[in-house]
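Remarks on the structure that follows.
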Amino acid sequence: MQRTDTAPKPVSMPKLSRETIVNIAVMAILLALPLWASSIGEDYYVNLASLITIFAIAGVGLNFAIGQGGMVSFGHAAFFGIGGYTTGIAAFHSFEETLFVAMPFAISGTNQMLIIWIVAMVICGIAALAIGAISLRTEGVYFIMITLAFAQMIYYFAISWPTYGGEDGLSIYLRNQLPMVDAESALTFFLVCFILLLGAIFVSARLSGSRFGAALGTARMNETRLATSGIDPFPIKLTGFVISAMITGLAGALFAELNGFVGPSMLSWHRSGEIMVFVILGGVGRLYGPVIGAALFVLLETYIGEWTQHWQLLLGLALLGVVLFARGGVMGMIAGRARHD
Amino acid sequence: MTKPVLEVKGLHKSFGALQATKNVSLDLKPNEIHALIGPNGAGKSTLIGQIAGWITPDSGSIYLDGEDVTSETVASRSRKGLGRSFQVSSLAMEVSARRNVMLSVQASQGSSFRFWKQTKSDEELRETARNWLRKVGLSGREDIAVSELSHGERRQVEVACALALAPKALLLDEPMAGLGPTGSIQLTEFLEEIRPEIPILLIEHDMDAVFRLADRITVLVGGAAILSGSVDEIRASALVREAYLGEEA
């Protein structure tokens, strides 16, 4: 609350809010650690940073639905998994040199990440359009449950599809390729993920500040107001849901690359819960919140999980603390309440 | 013969055995304030809900500026020119008054599917919203979060939101509620001021305000419009006294 310095400043620097400083610090740490780890040849930590980054992207996607549009989706694992399976299936057909679809058009697999990302996002968008069109007719707890139900449907579908591994999942034997850079290198792959995270946050911020974002934000705060102002809430919310799903789908595609594997666990409801934990832990509606949330989650899992398999107890306590005492998540604790204009 | 701006014809609505709206017809002509009064439980809210589009009538039709809008959504009716305020203000509380009005301005300018340009730096949008807030008397209060405004000010923000959509008719649901004497007088003056431009359908409990403002009054009792007439006719009616004023006064 120290915003009352009225002394005239001859040269006024653009004053950074505390949240901006936290954002910059978080991203700087996330970038610096793997650079350092790579320089001493510890690729393990680089991959850990990649995992945080990928989870953060998934969280940024869900955060757009929850924090901006007020749509508490408990089924975002569907999009995470669809992104992952798109990668796996494309790589599978590319590796086996078989066709994905033979009739009426021949669609072959590919090992080009750029193409896979676009296809993954498009497929997620279409899936979200269908799921959202039905789910968004409900509200509150019903919306949570129906998104969960859709994700479970896709989960069981993946399990019962033997062509692509069924319950065993699908290995990606060779990491897919990017033009000009060596995606096999752990550090390069991290940097690619990091840039995509920045891109996802940037897009999310731009959209939130646009006319569309104003409408979507009002859908969260007061849907009656939105309709009374002459804007139909449904198409606005559906569009927001689709955008959210596409971002999370991209994260799923990257996750499959990182692990060299896709399995039904990517689609399970645990995963939906985890993505939601990133958002809540970091701070709902805070642009960089999911980065903090994902980092805490991965670090707890890695380091506490090292000496006890009950690390989730600690995660649960952390989550409880955040929900009870810091409505704005960790970001809220450090940077104070979100500011609106 | 002036054409009515808003016309309700033979509206029926039942909830189970309860007939909340029984064959209600009324209209709103240019330049007039038409007050709708009735005791609690008379079906005022249900009627308003149907006119605004939240409740679908069982039968009957609603015309806005000659166009049948019975099957249109709330948002579509707002765009076509039905402005409204709520009994309990319905605004986005966390953001500023200006942000609330900006949303109406953006809706009046067309599609909200614009994804890139930032509203924060859209001077035209911000300035138009500021002008509407000035018009309702909220200069200097634009940037305050609605949650920190008084009841009266919130009502003013709502009216500014409605005006920003260039309405053909206003539907005001108990605008005087919770205002206090000064606020009430100010709002009465303001409604007088906009009456020549925008006719108003006024639902109000404050009888002084109704008798001062209204050109016509319709009395709703038990879901039916039992009487409609000028202020003097309503005042003189024994039927109304018995059904409504008798209970209140």
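Including glycine, each Cβ sits where the backbone N, Cα and C put it.
Sequence-distant neighbours of the transmembrane segment (A:21-38) (same chain, 6+ residues past either end, Cβ-Cβ under 8 Å): 44-46, 49-50, 52-53, 186-187, 190, 194, 198, 287-288, 291-292, 295, 331, 334-335. For A:21-38 (among others), the entry in TrEMBL reads transmembrane segment.
Under the heading transmembrane segment, TrEMBL lists A:44-65 (among others). Outside the transmembrane segment (A:44-65) by six or more residues, the chain places 30, 33-34, 37-38, 71-73, 76, 79-80, 186-187, 189-190, 193-194, 196-197, 200-201, 204, 207-208, 240-241, 243-252, 254-255, 258, 274-276, 278-279, 282, 284-287, 289-291, 293-295, 297-298, 302 with a CB less than 8 A from a CB of the stretch.
Taken from TrEMBL, the feature transmembrane segment applies to A:77-95 (among others).
The transmembrane segment annotation in TrEMBL covers A:115-134 (among others). Non-local neighbours of the transmembrane segment (A:115-134) in the same chain are 75, 78-79, 82-83, 86-87, 90-91, 146-147, 150, 154, 176, 237-238, 241-242, 244-246, 248-250, 252-253; each lies 6+ residues outside the stretch with a CB under 8 Å from one of its CB atoms.
Under the heading transmembrane segment, TrEMBL lists A:141-165 (among others).
Residues or ranges marked as transmembrane segment in TrEMBL: A:185-203 (among others).
Same-chain residues lying 6+ beyond the ends of the transmembrane segment (A:234-255) with a Cβ under 8 Å from its Cβ atoms: 50-51, 54-55, 57-58, 60-62, 64-65, 68-69, 71, 73, 76, 78-87, 113, 116-117, 120-125, 127-129, 131-133, 135-136, 193, 196, 200, 203-204, 207, 212, 215-216, 219, 226, 266, 275. Residues annotated as transmembrane segment in TrEMBL: A:234-255 (among others).
Annotation comment: TrEMBL describes A:275-300 (among others) as transmembrane segment.
Summarising the annotation, TrEMBL assigns transmembrane segment to A:312-335 (among others).
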Per the Cβ filter (under 8 Å) with a sequence gap of at least 6 from its ends, the transmembrane segment (A:275-300) is approached by 19, 22-23, 26-27, 30, 48, 51-53, 55-60, 62-63, 66-68, 72, 74, 76-77, 80, 197, 201, 204-205, 208, 248, 311, 314-315, 318-319, 322-323, 328-332, 335, 338
Contact set of the transmembrane segment (A:141-165) with the rest of its chain, CB cutoff 8 A exclusive, min separation 6+ beyond the ends, reads 71-78, 81-82, 85, 88-89, 92, 127, 131, 134-135, 171, 262-264, 267-269, 272
The answer for the transmembrane segment (A:312-335), taking Cβ pairs under 8 Å and residues 6+ beyond its ends, is 17-19, 21-22, 277, 280-284, 286, 288-289, 292-293, 296-297, 300-301, 304
